[in-house]
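Summarising the annotation, TrEMBL assigns region 'Disordered' to 402-430. TrEMBL lists 407-416 with the feature compositional bias 'Pro residues'. Residues or ranges marked as compositional bias 'Basic and acidic residues' by TrEMBL: 418-430. Annotation source TrEMBL lists transmembrane segment at 521-545, 579-599, 606-623, 629-648, 660-680, 686-708, 798-819.
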Amino acid sequence: MPVPARAVLRSLRARVRPWSSPAGAVRPLTVGVVKEPAGETRVAMVPSVAKAFIKDGYTVTLEKGAGDAAGFPDSAYLEAGCAVKDRASVIQDGKVFFSINPPANEELHQFGGKTVVGWVGRLLPAGKEIVEAATKANVQLVDTTAVPRITIAQKLDVLSSQAKLAGHRAVLEAAYAFQRFHAPEITAAGKYPPANSMILGCGVAGLAAMGTSKALGAVVRAWDVRDVSDQVTSMGASWIKVDFEEDGAGAGGYAKESSAAFLEAQRATFHKHCKECDIVITTAAIPGRPSPKLVEDYMVKDMKPGSVIVDLAAAGGGNCTMTKPGEKYVTDNGVTIIGYMDGPGRMASQASQMYAQNMFNLVKHISPKEGASALMPLIDGHLAKGEEGDIVTRSIVCCKDGKAIEMPPPPQPTPPKPKKEAAPKKEVAPPDPFKEAAMNALTVTGAGAGILGMGAGCAGDMAMLANLGTFTLAGAAGYQVVWGVAHALHTPLMSVTNAISGTTALGGLMLMGSGNTGAEVLAGTAVAVSSVNIVGGFVVSKRMLDLFKKPGQPEHSYMLLAPGAVLTAAPFADPALIPATGVVSSLLCIGSIGALANVKTAFGGAYMGMSGVAGGLAATLAAMPPAALPAAGALLAAGGAGGAVLGAQVSPMALPQTVAAFHSLVGFAAMITAIGSHMLHPDANAVHKTAAILGNFIGGVTLTGSLVAFGKLNGNLGSAPMNLPAKNLLNAAMLAGQIGMMSSYLGSSGGMPEMVATAALSSVMGVHLVGSVGGGDMPCCITVLNSYSGWALVAEGFLLNSPVLTIVGSLIGCSGAILTKIMCDAMNRDIFNVLFGGINTVAPVKGQDTGPKEHVETSVAAVAELLANAREVLVVPGYGMAMARAQGAMGEVANVCRANKINLKFGVHPVAGRMPGQMNVLLAEAGVPHEWVLEMDEVNPDMESNDVVLVVGANDVVNSAAQELEGCAIWGMPVIEVWRAKKVIFCKRSMGGGYADLDNPVFYKENTDMLLGDAKKTADALAAKVRERLERV
């Protein structure tokens, strides 16, 4: 009869109390470990795990010499805080006993009223006898092999941990008996081929054997009755296909027996491969039944002399008909057959460590928070709840209080997803030549018509017409140049263009010396803030590029400052050279962007930009009234000094908000220069007035939009979007109002009210447009603001008839536009959604993630072990790494792995971080060579070849929901497909979502473990552990 839930809880509380002493102090639960029987080298407790038990409230007592055979002396246990006593004292004091093999049936009465945990095998004949004897002896018997094969119980599974050791040891035994090279060798004596190994059975042991065989250099082929060809090929082995269709999956994750017809086809296949192979390792076992015969006598007789068979299924009679369980011998034709049944015991130290850890995980599963005091009451409570109780506890407890406990049916494993056949590629109809030609003609005609319209507005103004030609040609050149910039250098690109955009100082200089006090004040202010941008921007750019420089690498790009010196002197030496100086300066600015195509030339690009800006300033200063030069020089010097101080203090982490702050200075300078120009030329022609009001408008939006972006990136403002009611209508109303003011301005004689109103309205629009964009879209937003600053310069160039400003502005505008396109494509964002402050909303989700929600956590030591045993490792960094300042530790991990011939590389998503290319800069700061850093499109095609992928502080950019959860916030976004790797480790603070606030299905996949905690502390510990582990090799 089912026990009511409340009664169970009352019973549980009542049972916790007996573990307290009368004084109220908690009495520790004593764990006992006695010596294993003769022939067993393993021990169920090791000193390092004993410390964990003691920390959790247990007292640990061992029999003298219990760990000697496994390499753990009594002194090590004493040092760990254990007690070491004689056998009788251990049995008397202990309440719960851990063992590899349970005590002999005739000894079980000594453990009456106590709990014995061991390798029972309750479903096997021998195990049933042990259960019966324990029941009679009133022993609570716990079978460690009965843990169900479910996700939450993976860390308790002794069968898997010991099978892995058996598979590894099988290869070592085979290598010793084979007496020839495993890997291909070219020696002074000639060339020798690799060993050919065949693995039959691809469970845990088989996969471990595959991995070790490949590590030794053998050519591996493998087979299993289940179709696990994907796993086999992912490990670098070839799949053996039996030409017969049959599903071999059985209950509990094991294989089932095969039909007679299948066995006949199987024998023919195995016979063929046995003739070709040097080493055969068999691992096929069916619990409770004789091992299937896979290799028969006639197959062995046809194998080459010197070949080796290692039969890991010898305990069940063997997969080879000639196996002698427990023995190793050589057949008449020279084939060595190894039938050892103690594979894990031949690695006693490692096997004991893994078994003991499984035991600790078991008690932590049952009593995760309460510790020792509640272990036994919780076991009772789980059993009392019946089917509602913990499935693990109900599966492993065999008997209690003198009564046998029936084992519940094992949960059925989730069936593997059927393999999706590659969908046939849709046949794309060949493009219609007529439509293509018509579209090209329409595009060119439209662009030409637009330029002709602008030319009509410039009729009679030859300087403006020349400027128009300059603008169009510079735009075409800039478009081609910017597309060539390497993704890794997108952050330096934005920094360099940001510095060059400080040429708004030229506009301010042109207005100085006019005699109009208001215009003079605005012009001087523009010069000062622009010079902050110029010097600060180039200092930051130089510091960033220095991070990409290898230690000891000679760098002489500073020689490209020589053209700047010449350009600075030329217009003062001969005023006739002023126009030519402007042309050369513009070319140097274009060249500086083009030089960012790769790291080798990027240093020269920064110096070319400095020379170009210096030449432009010199040409402008040389054309100014001499009386204005002292004030101009002072303003440039003061602003430049401020910029130098700011640029020298900026850390790579703060680059995004710094760039945003510098953008605001450009916007402010453009806005006040436009107003100052109007004050001097209120009756200018339509083109000049159009340029003035557009420069004012774009400058205002850039000013306040950049300040909002700075606040969000710097943490002064929340990252959530500012979703005001009817925000789209509000944007439309403000834009309509601006168009109305522009029409009024162009038709008025004065126009100062319209200019002031434009400055105010554009400032409000900047706040609303950028404020309505969420923090996750800030990378796109920064590139948009970068582009805006360029178009503000173009407007200023038309306003002041300055070819230099027009060329530089066109270049920067194109640069920002192209980066925006790249970012929006990488984030699957609609560019209009970013430009107009989140005008669109995310479509509703059409499906939901139905995968399991149980994640598996791991430890630093376990991850270090994975990395030490890997050959191919990929690290995917994200903004979490940057926030925790963990890039230094990850750089150390990379260097240690590379030094030990582990091919560790970094895979960077285009939008990882807060601005394009930020991860590349941070990794360069950590000393990671840029050759080790690859782009998303470079790592995705080879993802299956990675043994381990370590995701550090990234989420959305590796979220499989982008491909699996149609309609979600990131649906369709290109991501780094880490889940296709053999093993994925997420290093992050918590299970929370990323910017998109979306659960990541990869967290719950079978090949994923979570390493939760502070990224900096975890990364530091991991670096130390990896170094320690590899130094032992």
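The backbone N, Cα and C atoms fix where each Cβ goes, and this holds for glycine too.
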Taking 521-545, 606-623, 686-708, 798-819 as candidates, which has the most Cβ pairs under 8 Å with the transmembrane segment (629-648)?
521-545
Could you tell me whether the transmembrane segment (798-819) and the transmembrane segment (521-545) are in contact, taking contact to mean 3+ Cβ pairs under 8 Å with a sequence separation of 6 or more?
no
Cβ under 8 Å, sequence separation of at least 6 from the ends of the transmembrane segment (660-680): give me the contacting residues as numbers and ranges.
498-499, 501-502, 504-505, 507-508, 511, 514, 516, 518-519, 522-523, 525-526, 529-530, 532-533, 536-537, 688-689, 691-693, 695-696, 698-707, 709-710, 713, 751-752, 755-756, 759, 762, 766, 782, 785-786, 788-789, 792-793, 795-796, 799-800
So which residues does the transmembrane segment (686-708) touch in its own chain, when a touch means Cβ under 8 Å and the partner is 6 or more beyond its ends?
454, 457-458, 461, 464, 660-661, 663-664, 666-675, 677-678, 717, 738, 741-742, 745-746, 751, 754-755, 758-767, 769-771, 781, 785, 788-789, 791-792, 795-796, 798-799
